[in-house]
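Some notes on the structure that comes next.
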Amino acid sequence: MVRDERLASDELRRIDESVRGTYPTGDEVDFEDALAFHDSLAPEKSFATVLESATGPLLQPRAGVARLDEQIDLLAFLHERGGADLLPTTIDSYTRDNEYGKASTGLERTRETGADALNGFPAVNHGVEGCRELITSVDAPIEVRHGTPDARLLAAITLAGGFQSFEGGPISYNIPYTKRGNLAETIEHWQFVDRLAGLYTEHGVRINREPFGPLTGTLVPPSIAIAIMVIEGLLAATQGVRSLTLGYGQVGNVVQDVAALRALRALGEEYLPDEVTVTTVFHEWMGGFPPDEARANGVIGLGAVTAAIARPDKVITKSPQEFQGVPTKEANAAGLRTTRQLMDMAMEQRLDIDGIEAERDLIERETRCLIDAVFEHGDGDVAAGTVRAFETGALDVPFAPSESANGACLPARDDDGRVRLFDPGDLALDDELVEIHAARLERRAETEDRSTSFHMVADDVDAISNGRLIGRPTDADGSGGVSDAD
Amino acid sequence: MPTTVVLGVIGSDAHVVGVTILERALEGAEFDVINLGVQSSQAEFVDAAAAHDAEAILVSSLYGHAEQDCAGLHDRLEDAGVDAVTYIGGNLSVGQDDFEKTRATFETLGFDRVFDPESGPTEAIAALRRDLQLNATESERLRVSS
C-alpha cells in the first residue's frame, strides 16, 4: 500500500530514468543544465515569488495551442492585451492521456493545414528546447496547466524547460479526469512529480504547485473540494514542495463562494506545515456556460465580484466564448479585462453580506469530518487513507468518472442556490450535517412543489447556461431538462 | 422489446456529466442503455454495438478532438456487421467554427445526425424515435393526457 513518505533519492533517479526513456524528448532532460537555465531567468519570471508577494488577486487565463510560435504569440497577446499577470500553457488532451504519438499526429496536421487539431500545447513533443524558447520569449511567469493522471514525463520535461509552476495532483487529476486510473498508482506518480518539484526547490528554484480545486467542475460541494486540496497539499509537502496554491471553483452563490474561499485559506494554513507558503486560487465558473457572449460575460462578472469580496491570491478567468470550446485570443483577453474591471471596482468599496460566517462554519465542519475520515482510514497515513476512503466512498466526488471512486454522492442546489448534497452517498459526514443538507433541499422541493429527485440535479446542471442559478421547473416542461427520465 | 443504444465519450475525453444525464434520460424513455462512459475507444463502441445488437450508437465529444477520434469508425462498424444509426454531439472542433461546417464534416465521416452543444436529451430521444420508428412510451402518453 502506498504510504505518505518522502521518495528516496535512488528511487527518484530510477523512476526518472525509466520515465524519460518512454519518449525520445525525455533524453533532453539534464538536472544541472536545468538549474542553470532557471538561474538565468529574470526575477519577474519567478512564479512563486510573483504570486506570493502580490498585494491583490492576480489574473491568469487558460490558453494552449499546438504550435510553438503560435503559443508564444498567444501568451504575448494575453499578457499585453488582456493584462494577464500570470500566464498558462494548457496541455492538449492526448498528452494528458500519455498518447504522445497521437499528439504528434495532431501537431503535424496542424502544421500542414494551419487549423488547430489539438486543444492545447503538446509540451512533451516540443521537448525541453521548445519549452525554453517559450519561457524566454514571454515576459511573465508561466504555469503548466493540464489534467494528466500520470504527469511524470510532462513534469520532467517542462520543469527542465523552465516552467516554475505545475498544476494538478493525484486525486484532482485522477478522479475527475480518467476512467481507469488506479488511485494508489496515481498517488505514487504524483509523489515523483512533487519530489522533483521539491528537489528543484532545495536547489533554489522554488516550484509552485497547484492542486486542481474545481474537480468535475459541476456542483461540487465546497467541503469536498477543500478536503481534497488539503490532502494533496499534505502529500506535496511531504515531498518537499514549499509553495502551494489551493484551488476552488465558483458555484455561483456569492455567500457560499466567499465562505468557501475563506475556509480554504484557513484550513490550508492550519493543516499544512509552517514551512509551506499557502496561497489560494479561485476559478471562475467551470460548468456549462450560456450560448451567448453577453450572458457569458454576466457569469464572468459574478465571479469577479466574488473574487473582490473573498480576495484569493489568484483568479483563473473564463472567456465569453467558453460555451463553444477553445476561445479566440481576443475573447480570452476580453474575459481577463471584464474580470479586472468588475473586480477592481468592487474592491474599492465595502460589500457586507450576511451569512458568510455561518456558511463558512458549516463548510469547515464538513471538511474536518472528511479529512478526519481519511486519516482514520489510513491509521494516520494520509496516502493510504485517501485510497481506502475513496474505495468506501467516505470521500467521494460528484459525477466522478473514475473507477477508483464510489461515485455515489449527488449534489443539488438549495432554495438559495447553494450547493448541497441531494444524495450524500457514503460520505463520512456527521448525521447532523447530512440532516442540514436534506432539510435545505426539502425547503426547495416545497417551493417548487415537486419531490427531490434526479430531475433537480439535471436541471441544476443546465441552469446557468439557461440563464438562471437554480434549475427551477418551467411551465413548458414540468420535469425540466430530462422530461423522459424518472 | 426494448431498443438497445450504445452511449459513450470517445477518445481521450473525460467530460462525464452530459453522458451521465443522457444515460438517465434514455433509461427513463425505456431504452436499454449500454453506457461505455468516458475515454472509450472506437473498438469499445464497435464491440459493444455488435455484442448487444444495438440499434443506435451515440457518440459524445466535448474537447475538440472528435474528427481524429472518429476517423474510420464507420468502416469498423461495417466490417463488424453492425447496422445501427450513429449520432454524434458536443463541442466537435477545437475553435469557434461555424456549426454547419462541422455538421458537414461529421456527416461525411458517416454520422446520421450531428448535434450542436445546445441540444438536450429530449432532442436525441425524439430523433431516435423518428429514425427507429418507435412510439412514445405508455408513461409519457399518460403524462401528456394528465
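Think of each number as a place in line: the chain as shown, counted from 1.
Cβ from N, Cα, C; glycine included.
According to TrEMBL, the protein has these features:
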type: BINDING; residues: A:R62, A:R96, A:R145, A:H146, A:E167, A:Y173, A:Y177; note: L-glutamate binding site
type: BINDING; residues: A:G64, A:N119, A:P176, A:F289, A:K318, A:E322; note: adenosylcob(III)alamin binding site
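Those binding-site residues from A:N119, A:E167, A:Y177, A:K318, A:E322 lying by chain B, with Cβ under 8 Å from one of its Cβ atoms, are A:N119, A:Y177. With A:R62, A:R96, A:R145, A:H146, A:E167, A:Y173, A:Y177 listed as the residues that bind L-glutamate, the site has a largest C-alpha separation of 17 Å.
The adenosylcob(III)alamin-binding residues named in the record, A:G64, A:N119, A:P176, A:F289, A:K318, A:E322, extend over a maximum Cα to Cα distance of 20 Å.
The CA atom of A:F289 (adenosylcob(III)alamin binding site) is located 21 Å away from the CA atom of A:R145 (L-glutamate binding site).
The Cβ of A:R62 has fewer other Cβ atoms within 10 Å than any other of the binding-site residues A:R62, A:R96, A:R145, A:H146, A:K318.
Classification of A:E167 (L-glutamate binding site) by DSSP places it within a strand. The distance from the Cα of A:K318 (adenosylcob(III)alamin binding site) to the Cα of A:Y173 (L-glutamate binding site) comes to 20 Å.
Sparsest Cβ environment among the binding-site residues A:Y173, A:F289 (other Cβ atoms counted within 10 Å): A:F289. With a cut-off of 8 Å between CB atoms and residues at least 6 apart in sequence, the same chain places A:Q71, A:P88, A:T89, A:T90, A:I91, A:D92, A:N119, A:G120, A:F121, A:R145 near A:G64 (adenosylcob(III)alamin binding site), listed in sequence order.
Within its own chain, A:Y177 (L-glutamate binding site) has A:R96, A:G147, A:T148, A:P149, A:P401, A:S402 as residues 6 or more apart in sequence whose C-beta sits under 8 angstroms from its own. In sequence order, A:F212, A:L215, A:T216, A:G217, A:V397, A:F399, A:A400, A:P401, A:S402 are the residues of the chain that are 6 or more apart from A:P176 (adenosylcob(III)alamin binding site) and have a CB within less than 8 Å of its CB. Long-range Cβ contacts of A:E322 (adenosylcob(III)alamin binding site) within its own chain (separation 6+, distance under 8 Å): A:F289, A:A296.
With a 10 A radius on its CB, A:E167 (L-glutamate binding site) counts 25 other CB atoms from all the protein chains.
Taking all protein chains in view, 27 other C-beta atoms sit within 10 angstroms of the C-beta of A:N119 (adenosylcob(III)alamin binding site). For the recorded site, A:R96 (L-glutamate binding site), the DSSP three-state label reads helix. Under the DSSP three-state reduction, A:Y177 (L-glutamate binding site) is assigned to coil, being neither helix nor strand.
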